[in-house]
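Some features that TrEMBL has for this protein:
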| type | residues | note |
| --- | --- | --- |
| TRANSMEM | 29-53 | transmembrane segment |
| DOMAIN | 45-293 | domain 'G-protein coupled receptors family 1 profile' |
| TRANSMEM | 65-87 | transmembrane segment |
| TRANSMEM | 107-125 | transmembrane segment |
| TRANSMEM | 145-163 | transmembrane segment |
| TRANSMEM | 208-231 | transmembrane segment |
| TRANSMEM | 243-265 | transmembrane segment |
| TRANSMEM | 277-295 | transmembrane segment |
């Protein structure tokens with residue numbers, strides 16, 4: 001698992017070279033345009049969700065949509081940490097990233113990524129309370145408590161990112177400096193360390209892999225109870241609406257957690273699949289979130305129509 005290097009510590013790495021994704025040179029322009037369009041659509045889609053939740057009084061006071069707005073905000077920033085640098089890989093621009101830039105990218109990726117991980121768990125808990133405890137829901141999950149929980153999620157994500165960045169870059173890096181990946185992430189960077197990385201890999205396995213897997217299991221447990229409660233609903237329309245609301249969240253959770261667990265429970269792996277899997281949850285998932293939530297959530301679609309027509313939330317009732 002761990003590795004050591006006898007490379008002289010006299011040479012200190014001051015920057016890294018991101019080798020990026022392997023691709024045929026003839027597809028460079030096509031890939032540049034593809035990822036550029038994905039990035040623009042991701043920003044616009046999530047910004048639209050964020051503005052809709054903020055502008056519609058029917059949505060921005062309800063915990064479910066407060067959490068959805070926070071998720072959109074996270075997706076915008078997570079995409080911005082990864083995708084612009086990935087786009088540069090398909091241009092003649094230098095692939096070098098300063099040492100401090102690599103530290104910052106790794107920190108913000110794990111800060112935002114773990115915050116999103118905890119937020120998904122919080123969203124599942126919110127749906128569990130709304131469906132399984134409907135009469136007590138306004139008391140159990142009010143706006144104030146939701147704000148406190150969201151703040152706790154951000155703090156936990158920041159602590160997680162700080163731990164991972166500190167542990168990764170406390171090690172000496174004395175060459176080579178070529179990161180065989182498209183961004184500075186723990187497994188790829190650790191391969192360049194001139195010291196034993198056993199402790200780091202163990203912490204990565206526990207703090208990322210196991211925590212992500214535990215959150216995923218908690219979400220599945222919440223949804224097992226939710227499905228049981230939905231099946232008790234007597235009307236077909238009621239069951240359909242409940243499944244539609246929860247289905248969008250469960251879809252997003254699956255496409256985020258499964259690739260994440262695949263990467264970090266195999267921290268020592270050098271599989272060529274790792275890059276493709278990482279692209280899915282760092283680039284594709286932030287794009288899919290607004291699509292999934294708008295296409296499967298009737299209330300969000302109605303709010304978007306009201307926003308597009310310039311009508312207030314209350315105008316429908318006049």
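Just so you know, glycine gets a Cβ as well, placed from its N, Cα and C.
Since this is a predicted model, take the numbers as computed values, not measurements.
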Highest-contact recorded stretch vs the transmembrane segment (107-125), from 29-53, 145-163, 243-265, CB pairs under 8 Å: 145-163
Cβ contacts under 8 Å made by the transmembrane segment (243-265) with residues that lie 6+ beyond its boundaries: 64, 113, 116-117, 120, 123-124, 127, 131, 186-187, 204-205, 208-209, 212-213, 215-216, 219, 223, 226, 230, 274, 277-278, 280-281, 284-285, 288-289, 292-293, 295-298
Cβ-Cβ under 8 Å with the transmembrane segment (65-87): same-chain residues at least 6 beyond its ends: 18, 20-21, 32, 35-36, 38-39, 42-43, 46-47, 49-50, 53-54, 59, 97, 105, 108-109, 112-113, 115-116, 119-120, 122-123, 126, 143, 146-147, 150, 182-183, 279, 282-283, 285-287, 289-290, 293, 299-300
Long-range Cβ neighbours of the transmembrane segment (277-295) (under 8 Å; 6 or more residues past either end): 21, 35, 38, 41-42, 45-46, 48-49, 68, 71-72, 75-76, 78-79, 82-83, 86, 109, 181-183, 185, 248, 251-252, 255-256, 259-260, 262-263, 301, 304
Segment-level pLDDT (mean, integer) for the domain 'G-protein coupled receptors family 1 profile' (45-293): 85
